Amino acid sequence: PLFKKVVIVLIDALRDDFVFGSKGKQFMPYTTQLVEKGTCHSFIAEAKPPTVTMPRIKALMTGSIPGFIDVIMNLNSPALLEDNLIWQAKTAGKRIIFYGDDTWLKLFPKHFVEYDGTTSFFVSDYTEVDDNVTRHLDSVLKREDWDILILHYLGLDHIGHLTGPNSPLVGPKLYEMDNILKKIHTSLLSKEGESSLPNLLIVCGDHGMSETGSHGGSSEEEVHTPLLFISSAFEKRNGPLKQPELVQQTDLAATLAIGLGLPISRNSVGNILLSVIEGKTMREQLRFLHLNGFQLSRLLQENMPTYEKDPGFEHFKIAEKSHGNWIKLYLEGNNSEVLLNLGKKVLKQYLEALKILSSSLSKQVAQYDMYSMTVGTVIVLEVLLLLLLSMPKALSSRAEFEVPLSPPLFSLLFYLLCLLLCAVHVIVCTSAESSCYFCSISWVMAVGVMMLISALMCVILSTFGKMLENPKLPVKNPAVSKSSWSELDVLILAGTAGHAVSLGASSFIEEEHQTWYFLINTLCLALCQEICRHYFLVRDCDLQLSTAVKQNFEDTGETAQFKNVDIPSYDSKLGKVTYSDEFLRGSEKWMGLVSPWIILICCRLLRSLNQTGVQWAHRPDFGHWLTSSEHKAVLSLLAAISLVMIFILVQRRCSLVSKIAMALGLLGVYSYRAAIGNVVFPWQQDSKDISKGIIEARFVYVFVLGIIFTGTKDLLRSQVISADCKTKSIGLWEVYSGLVLLAALLFRPHNLPVLVFCLLIQMIMTRCIWKPLQFDAAQITIMHYWFGQAFFYFQGNSNSIASVDISAGFVGLDNYVEIPAVFLTGFATYAGPLLWAIHLLCYLSSEVSRNSAAMGHGCFCYALICSVPVTVYIILVTGLRYHLFIWSVFSPKLLYEGIRVFITAAVCMFFTAMDQNRSQKIQD
């Protein structure tokens, strides 16, 4: 080993500019002094996405690049079975002590002789979570019974999630960390003797922090973290300060293994940092680099059949041969300049070989389980195909969606397909060289999957056969059917298909919000055309008809009684209106004409609130302006007005009890935000008394549950006791109102206008567009889906994990409880699509009197419109699995789509439950 004791201080979400930038000079003076003039080697370590804690710890300790699925496993980390530095150190008899994030305890159980874990998910706490680590320092630093000390501080990360990187809380936290580093470094120096090995202090971050305070994506602020090696073994820095060298985060594992005299982890793709070992003799340096090169070349042999042709392997063999020549000269006692120059040449050859080997391995590290992926893709395709084949019946007047199971399941084809698939499964699993998930499951589950695939295939063939036998498709509901496709139908089809195809380009995924903004703007223009046609072209036809009727009366000699009568005041049996209705009809017309333009204005205002996507996410927006500390009064006023508007827009269809609960709940929302310091009351002099707002948030939760319970009671009454459509509509609206109140609590104050505009657009569309123009359920469903997707991005979300607001999951919680935290985070993230989906259910339930099949049509169309992009994307991402941006762009989007599938399934189940009575009547 090169070092006696090693202390690793991992500061969660420590960005490189927090140490090397202006904040470091201001708030971390001791660390800055070490970087500029001390015995320190400083680097900028680049982390690979996903930039969340658990995968980054694995990368630091194993030197390998974790899979993207680790972003899910981050919630409940399993034990790390892969070869790693901690296991190697324990095997070598090193005594390891750990304090901090309990993710380490889950990854490395029974590896530490002493430990104290703190939960990493309770982001509301940024003080005690660090104090619980620091309180052990004084006693541990005095002791000699340890070799490695690991400290993982979470406070900075929690501050970022709560208030962002520019928060006034960041400075004091960095100053606190600087004092801790000073204490540790001073203690390590005082214990070093002249004869003993030097000690080493490592300061690093697991990931950075985006401009919004989150992480998980691939922006520069999220992937660049400082990496400091501080030891008396290094020479003091002289001369001008240079920009820190950019290295890979995985390089720490190989460098630290050499520093501790341990084997480099088997799957490490990292390189030894030459600066750390440059104080050693040339022979030792070459030996260390040869060990690193040998480990990387062996890993390359395991992962690449044609490894001998790899440039990195060829360079390594050349360097190894040159190294042999150097050894011969060295053993001969040659100390001339020839030996020194040859040594430098070999050193460069090794470094070049290591760089190429590491790059090749980083590209080869992704091994795809193609068999399991193919099985999943086939099932998804079969389900989509079944939906498409069932569309004519599902959108008929009876809204039938029947899956004929009995004939296919007892057919010869079903059993032949099962046998064939089982045979393929056995062949693939017995001949597979690498591990396969589908082969690792039990044979009962595997056979069940084969039967599912066979059954779906037989059902598809049976449905297709029936369509060929009876080519006359069921006619759509006469009330909503049209003789030909309108421009709106063409737009909906083209928009849906265009969006699905656009998912094949990484830039369109990064900036997907632009696609949805374009689609809803185009939809508003198309609706404007439909409204003009409805109020002007249709009226002209009516006027021509009325003139013809009048002429007919004149020809028959009955004109005397109509001489002084205006055309619009004809008999009601002829479908005309009287003067008393003309004013109402005129105001309705002008409201209809103006409504698409009002919606366009609302959407434009929402776009300026949150800058999302990747390319322009760093640019300032109105949300950033509002959340700055000097504009807190403006934010408070905007939040108050927004909460009042939410009450006005929601209460119109609620019962009296729910109205009171809603008013108190919205007051509680403002009180909660005031308690945690986001907004202020007019009578507040300052905001020093900041708390976690647990009492205020739980006060709101009581009213949320109360409103939802009242609505659920009405729904059960309408479903079980009496089939009352009015009671059901009231119940659905109250459930919707409860969810709106929950969203108001979880949204950040600057995002409350998003909720207001959501409710306002829904009201305008309902009163001025959908009902007057009498669109069918399928068109209304797709419009709801489009607006739901747009509002997902209006909230500030993107297809990067960094845009997920983790702090929403801990509103009202005083410790980490997994299920509520996951639910609240998920609801806050997908609030836009969910609220539009529930509003769709509320609207269609009120339309049952006009179209009895409305609920069935809506449920089917919602399932279909969500299934198309998911299926297309799964096929595209499978084909693009070796794309340069597969981990930073395509994989996060796949995760979002997966969660959206679960939400769609839940919405469709809710639709089915609400439509149960009608289904029973149809069956009767």
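Using N, Cα and C of the backbone, Cβ positions are placed for all residues, glycine too.
TrEMBL labels come from automatic prediction, so no person has curated them.
Since the structure is predicted, the reported quantities are computational estimates derived from the model, not experimental observations.
For 370-389 (among others), the entry in TrEMBL reads transmembrane segment.
Residues or ranges marked as transmembrane segment in TrEMBL: 409-428 (among others).
The feature transmembrane segment is assigned by TrEMBL to 440-464 (among others). Same-chain neighbours of the transmembrane segment (440-464): 375, 378-379, 382-383, 385-386, 389-390, 403-405, 407-409, 411, 413-414, 417-418, 421-422, 425, counting only residues six or more beyond its ends whose CB sits under 8 Å from a CB of the stretch.
Annotation comment: TrEMBL describes 587-896 as domain 'GPI ethanolamine phosphate transferase 2 C-terminal'.
Residues 626-627, 662-663, 666-667, 669-670, 673-674, 678-681, 737, 740, 744, 749-750, 752-753, 755-756, 759-760, 763 of the same chain sit 6 or more residues outside the transmembrane segment (633-650) yet have a Cβ under 8 Å from a Cβ within it. Summarising the annotation, TrEMBL assigns transmembrane segment to 633-650 (among others).
Here the transmembrane segment (662-684) has Cβ contacts under 8 Å with residues 632-633, 635-636, 639-640, 643-644, 646-647, 650-651, 654, 690-693, 695-697, 699-700, 703-704, 707, 737, 741, 744-745, 748-749, 811 of the same chain, all six or more residues outside its ends. Per TrEMBL, the feature transmembrane segment maps to 662-684 (among others).
For 690-709 (among others), the entry in TrEMBL reads transmembrane segment.
Among the features that TrEMBL reports, transmembrane segment is placed at 816-838 (among others). Away from its own ends, the transmembrane segment (816-838) comes close to residues 75-76, 119, 121-122, 732, 735-736, 739-740, 742-743, 746-747, 754-755, 758, 762, 784-785, 787-792, 794-795, 797, 804-806, 808-810, 862, 899-900, 903, 907, 910 of its chain (Cβ-Cβ under 8 Å, at least six residues beyond either end).
The annotation transmembrane segment is assigned in TrEMBL to 859-882 (among others). Beyond the ends of the transmembrane segment (859-882), by six or more residues, the same chain brings 366, 368, 373, 376-377, 380-381, 383-384, 387-388, 390-391, 394-395, 399, 401, 496, 499-501, 503-504, 777-778, 781-782, 784-785, 837, 840, 890-891, 893-894, 897, 900-901, 904, 907-908, 911-912, 915 to within a C-beta distance below 8 angstroms of the stretch.
What TrEMBL records for 894-914 (among others) is transmembrane segment. Beyond the transmembrane segment (894-914), the same-chain residues lying 6 or more positions past its ends with a Cβ under 8 Å from any Cβ of the stretch are 68, 71-72, 715, 719, 728, 732, 799, 801, 826, 830, 833-834, 837-838, 841, 845, 855, 858-859, 862-863, 866-867, 869-870, 873-874, 877.
Beyond its flanks by at least six residues, the transmembrane segment (690-709) meets 124-125, 654, 658, 661-662, 664-665, 668-669, 671-673, 675-677, 734-735, 737-739, 741-742, 745, 811-814 of its own chain at Cβ-Cβ distances under 8 Å.
Sequence-distant contacts of the transmembrane segment (370-389), counting only residues of its own chain at least 6 positions beyond either end whose CB sits under 8 Å from a CB of the stretch, comprise 403, 428, 432, 436-439, 449, 452-453, 456-457, 459-460, 463-464, 467, 860, 863-864, 867-868, 870-871, 874-875, 878.
Per-residue pLDDT, averaged over the domain 'GPI ethanolamine phosphate transferase 2 C-terminal' (587-896), rounds to 88.
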